[in-house]
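Asks: In case it helps, Swiss-Prot gives these features for our protein:
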- Arg117, Arg186: substrate binding site (BINDING)
- His135, Gln136, Asp137, Trp151, Ser226, Arg238: 2-oxoglutarate binding site (BINDING)
- His135, Asp137, His224: Fe cation binding site (BINDING)
- 260-283: region 'Disordered' (REGION)
Amino acid sequence: MTDTLSDYVDCTPLLDDREALDRFYDEHGYVYLRGALDRELVRTAAEQMLEGLIALGHADPATTLDTLTIDSFEAVDEVAMHDYVKYDDLWNHPSTLKVWEKVLGEPVFVFKSTTIRYYPSAAGSAEPSFLTPLHQDGFYIGPNKDFRTAWIPLLPTSHGIGGVAVADGSHKKGPREHVVTEQFRRFGHAVRGIPAEEFGTDEQLLFSPMEPGDVLIFHAFMCHKSIPNVSANPAGMRMSMDTRIQPASSHRGFNALTPWPESAKDASKGILSKITGTPTTAE
């Protein structure tokens, strides 16, 4: 693996070809769709996120989505922010469910746990506080591993604004060891990740700029990490949401049935519940 980023492959043309779509997913571990979601629904979620940041005192009342900036992601009361963003209206809208069902090829259940992100630019910082290491969502979420993560931007992203990089085909090796790495800290705590030296040269990192309405869907064992927001001239906000989808017939675990705030506000469940919504002793 190198730090050189290649583009995602746009899988939108495969949506009506079941065999080709499944073949691509099985080989690469992700599906990237351009403009598949209703842009008005995505815009509404972005405006709700802006409303929350203003109401909680982190943005000026006159701020718009085009001019928004905040001082710190971690300074915002994330549990309170969830009261403003009605993400389930987007995830479970009939037009969105149609996309999920086309991707999975069967009826789906959308997790009740959603992660929301609003990262300001950290231009000039070598190690922004909100970096995440290479990791697998399946390390934290279960017990079944047939879920897929769905990640969407609420505002346009770029190489400067960042987003999610996936390691092409890395899901095929199954679960990997996650080790505590002091370099990566969230809310003052070191978090676990997969050492870069564990990856082969064939597991190329992929990242593409995305627009509202685009969606990236990937395997529970897809290795992925954040690309930091280091945008400058102009600096921009990175606003995103992610959830998980799974076959409706599959077992529904803690993360599938528990809204993120209910887990995150329970300090006894540990720092990973604050980050992922999943209680775990692996910290």
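Just so you know, glycine gets a Cβ as well, placed from its N, Cα and C.
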Asks: Using DSSP with the three-state reduction, classify Gln136 (2-oxoglutarate binding site) as helix, strand or coil.
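Replies: Going by the DSSP assignment, Gln136 (2-oxoglutarate binding site) belongs to neither helix nor strand, so it counts as coil.
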Asks: Out of Asp137, His224, Ser226, Arg238, give those binding-site residues positioned within 10 angstroms of Arg117 (substrate binding site), comparing C-alpha atoms, in sequence order.
Replies: Arg238
Asks: Can you check which residues sit near Arg238 (2-oxoglutarate binding site), meaning Cβ under 8 Å from its Cβ, same chain, 6 or more apart in sequence, and list them in order?
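Replies: Arg117, Tyr118, Tyr119, Pro153, Leu155, Thr157, Ile161, Gly162, Gly163, Asn229 - these are the non-local Cβ neighbours of Arg238 (2-oxoglutarate binding site), listed in sequence order.
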Asks: Can you tell me whether DSSP puts His224 (Fe cation binding site) in helix, strand or coil?
Replies: strand
Asks: Whole-number Å distance between the CA of Asp137 (2-oxoglutarate binding site) and the CA of His224 (Fe cation binding site)?
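Replies: Here the two Cα atoms are 9 Å apart.
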Asks: Sort out the sequence-distant neighbours of Trp151 (2-oxoglutarate binding site) for me: same chain, 6+ apart, CB within less than 8 Å of its CB, listed by position.
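Replies: Correct list: Gly163, Val164, Val215, Leu216, Ile217, Phe218, Ser240, Met241, Asp242.
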Asks: Can you give me the Cα-Cα distance between His224 (Fe cation binding site) and His135 (2-oxoglutarate binding site) in Å, rounded to a whole number?
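Replies: Cα-Cα, rounded: 6 Å.
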Asks: Which of the listed binding-site residues (Gln136, His224, Ser226) has the least company, meaning the fewest other Cβ atoms within 10 Å of its Cβ?
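Replies: Among the binding-site residues Gln136, His224, Ser226, the lowest count of other Cβ atoms within 10 Å belongs to Ser226.
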Asks: In terms of DSSP three-state secondary structure, what is the assignment for Trp151 (2-oxoglutarate binding site)?
Replies: strand
Asks: Measure the Cβ-based neighbour count of Arg117 (substrate binding site), defined as the other Cβ atoms within 10 Å of its Cβ.
Replies: 20
Asks: So the record assigns His135, Gln136, Asp137, Trp151, Ser226, Arg238 to 2-oxoglutarate. If I measure every Cα pair among those residues, what is the longest distance in angstrom, as a whole number?
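Replies: Value for the max Cα separation, rounded to a whole number: 22 Å.
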Asks: In DSSP terms, helix, strand or coil for Arg238 (2-oxoglutarate binding site)?
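Replies: Note: Arg238 (2-oxoglutarate binding site) is in a strand by DSSP.
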